[in-house]
């Protein structure tokens, strides 16, 4: 992924990358590697959220799978933010890694039987489903035409509203990333 003609940010494609055949997984845990952005307004009072492609009434943040040809997580985060939200901006902070510890969709539902069969009380119930690498991005521009503009809605929310959206969407790992950002916490 090169630079735009003005050398500012990644090249912005007109189509979104889809499918998981070129995505990267952790060699240690098998978790899918994902990168995304917490996109804040310059005054840090609002965060940009998008509707989930799987659950249209749930609001989340832009993120997606790391591809084999991407040199780093930051590149993936900016690409996904462009494709899913039409957001252009500057990365201002690395928010670190957050693991999605929700059980995989096909995980054994009878976890009690597994727990009872083990004497080790500290055993992990399952490995992380996803390993997220998040960045804080300062919004410079929101373009109307972007690869997923016909699939998703986007909206700016205050911290309190965004926090509730992520609780409603059952996405504690995304809330963790939001909490690590410099957004003004208006719920205090």
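Glycine residues also receive a Cβ, built from the backbone N, Cα and C atoms like all the rest.
Residues 32, 52, 53, 63, 102, 129, 171 are given by Swiss-Prot as 1D-myo-inositol hexakisphosphate binders; from 152, 154, that same site also lists 152. Here residue 52 (1D-myo-inositol hexakisphosphate binding site) is compared against the binding-site residues 80, 84, 173, and the shortest C-alpha distance is to 84. In terms of Cα spacing, the binding-site residues 80, 84, 100 that come within 10 Å of residue 152 (1D-myo-inositol hexakisphosphate binding site) are 84.
In terms of Cα spacing, the binding-site residues 80, 84, 173 that come within 10 Å of residue 102 (1D-myo-inositol hexakisphosphate binding site) are 173.
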